[in-house]
Amino acid sequence: MKVNGTHYRSIWFDHDLSEVRIIDQRWLPHRFEVVSLTTLDAFATAIRDMWVRGAPLIGATAAYGMAIEMARDASDAAMNHAWDKLHTTRPTAINLKWALDRCRAALLPLPVDERAGAALQLAHEIADEDVEINRNIGLNGLEIIRQIAARKPAGEPVRLLTHCNAGWPATVDWGTATSPMYHAFEEGIPIHVWVDETRPRNQGAMTSWELGSHGISHSYITDNAGGHLMQQGMVDMVITGTDRTTATGDVCNKIGTYLKALAARDNGVPFYVALPSPTIDWTVRDGVAEIPIEDRPEREVTFALGKLTDGTIGEVQVAPDGSPGGNPAFDVTPARLVTGLITERGVAEASEAGLAKMFPDLKGRAQ
Ligand SMILES: CSC[C@H]1O[C@H](OP(=O)(O)O)[C@H](O)[C@@H]1O
């Protein structure tokens, strides 16, 4: 998407530098910084410490990390070591394993001297596929927004609520939950987006930054305001991303998503999830019981990172000295609370049958 008039993907290969470039999201929205990742360790650090984040982007980054390692050492041992090192960076988003497995399956059968080139080409393909998947999720989500708009007086905005950042910084481009918003905006459908701040990493600030950069009307609200807004009839639909969706339609997403889904159900507000097919884990049926929930550092909760009054970026301690923090980074929304899964192929029912019907060619695939 565009930043100050310049189009960016969140990750790309700079052919002049012959380096992989990323937007270092640790400093967004206050500082826009592009850095290169040139070693396997740098890729692992970037994923683990959320220089890059978001399920689809984590997968694409892992693929480029594999490619950079193959350029250094394309042996089986190096490939397996890279797989292990990258896979252990973050446990919840299934796109990480999906991308690494896809790379290893494609590269292992190749002669060693062909692997580096093939790995880079595959990373490009995974990135390009993500862009097209997300563009199509946007078109399928646009239809829902159109239907809501048609039921409103002319000019009255469709009011969407979203949680965390499932926007273009969480993917290679377009975003997943934000893609329908961009398509609606381009079509001239008036929308307003309630953006949950999403403690503790405040990815909602990123969503507000990207929507604001695109001229989309939005409000940056506290995490706890969403239920009240729904109760007051101020939300027409909720749309979030997902880090792992089970074969039965349970949705694992940023912590707090489950609470929004409960409030949406209680207030008759449709709750949609933007779901790229690589984010489906066909091997898991019970999300609450089976999906590993990342436990992140306490400091992310006991301190807050932001722009200080002198304009620099820094931390302030929000918790009292000595108070331990708890920081589960995701939760699971059971399929029964999900109105529909907006995929690149269409809107699927949040059920085993619904996903099997939408993806008959993928169901049962070992993740
Ligand atoms: C398009 S997937 C985005 C998904 O990833 C985020 O998690 P994190 O920022 O910790 O990588 C969040 O769950 C978003 O919905």
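Each Cβ is built from the backbone N, Cα and C atoms, and glycine gets one as well.
Binding site for substrate per TrEMBL: Arg53, Gly54, Ala55, Gln203, Asn253, Lys254, plus Arg90 from the candidate set Arg21, Arg90, Arg159. Listed recorded positions: Gly54, Arg90, Cys164, Gln203. Those with a CB atom under 6 Å from ligand 1: Gly54, Cys164, Gln203. Per the record's binding annotation for substrate, residues Arg53, Gly54, Ala55, Arg90, Gln203, Asn253, Lys254 show a top Cα-Cα distance of 17 Å.
Taking the centroid of the Cβ atoms of Arg53, Gly54, Ala55, Arg90, Gln203, Asn253, Lys254 as the substrate site, the other same-chain residues with Cβ within 8 Å of it are Ile58, Ala93, Cys164, Asn165, Ala166, Ala170, Gly241, Asp243, Ala329, Phe330.
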